[in-house]
Ligand SMILES: CC(C)(COP(=O)(O)OP(=O)(O)OC[C@H]1O[C@@H](n2cnc3c(N)ncnc32)[C@H](O)[C@@H]1OP(=O)(O)O)[C@@H](O)C(=O)NCCC(=O)NCCS
């Protein structure tokens, strides 16, 4: 096993060099999720902006979805797997507490033995991963870092829960981060608020579940994802404006300079309110992948980035604000130059 030594010279600037995604095969309509929660296609479209989402089936797992997305990112970055010095995988839905998923993804990609670890910051995980990757490269610890956001939320959401069953979907997105001659990833503005840990949570821990199982056997109810929807909505829609402004300012820009905004695809109405409050230029493209992907938590920003580029709403090199927020509560934002994606 070759030793991996830290590089001794960091890079002043970093950038997204390539992007890849994996969208599960199975498309799930609003009508399909509406039945068990006494809802309707119309209610779901109006309240969340979601038309369809995708659910993983069969061989589509956190590891296989990540691996496929990473292959696309490596291809578009024109980087070989062996050139990756570190893998950072953001997820809240890898079903094991240990070991992490990232080493299996690195192995599946034929990378040898790079450092590879999972990162848990809810829906803000991908933007946390970018911050870590960029600073690893600036500090000289790594030259190329693979950052993956991946979720299999259909396994953790209760189909009978009105607050969550219609909202979430599955998928994966990945980027290669590397050194650059000019700034391609702006400073990250991030934070957390543990007093709000209950707002989006696993509704019981595994120790509690097994105690219940010992007592009630097959009647024990497994843990599910739970969310205080209205509180999360208010917080996300109205409290993150300053985070966005700080990230834009830290990149040396004003809101009107942005060519794209890619907020976490939490809810279509939250996205609209956030964009409206920032006073963006009319030509600024606003990501709206929630329509087709639902809320895919840590995967949502790279998936939305790919949709924006694929549809031609924004081009590689465009200045885009990324802002992600969710369980923790936690949040992170940075301005990036959009990468190549093919
Ligand atoms: C979940 C969410 C869409 C619910 O919308 P809301 O406007 O807050 O809905 P409320 O819970 O206040 O309920 C409003 C009405 O819709 C009904 N309702 C709630 N869920 C429903 C559902 N799934 N289908 C149909 N009706 C529903 C309620 O019973 C209520 O009816 P009433 O007015 O007759 O009493 C919204 O709170 C939300 O998107 N929150 C943020 C979620 C999010 O982004 N989470 C991820 C962050 S990472």
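Including glycine, each Cβ sits where the backbone N, Cα and C put it.
Pulled from TrEMBL:
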type     : residues : note
ACT_SITE : 123      : active site
ACT_SITE : 264      : active site
ACT_SITE : 295      : active site
DOMAIN   : 117-194  : domain 'Beta-ketoacyl-[acyl-carrier-protein] synthase III N-terminal'
DOMAIN   : 250-337  : domain 'Beta-ketoacyl-[acyl-carrier-protein] synthase III C-terminal'
REGION   : 265-269  : region 'ACP-binding'
Other CB atoms, at most 10 A from the CB of residue 264 (active site)
33
As a quick check of your reading of DSSP, tell me how many residues in the domain 'Beta-ketoacyl-[acyl-carrier-protein] synthase III N-terminal' (117-194) are helical, how many are strand and how many are coil.
22 helix, 28 strand, 28 coil
To what whole number does the mean pLDDT across the domain 'Beta-ketoacyl-[acyl-carrier-protein] synthase III N-terminal' (117-194) round?
97
Inter-residue Cα distance where the pair is residue 264 (active site) and residue 123 (active site), in Å
7
Where residue 264 (active site) falls in three-state DSSP terms:
coil
Among the active-site residues listed here, 123, 295, whose Cβ has the fewest other Cβ atoms inside 10 Å?
295
About how far apart, in whole Å, are the alpha carbons (Cα) of residue 264 (active site) and residue 295 (active site)?
8
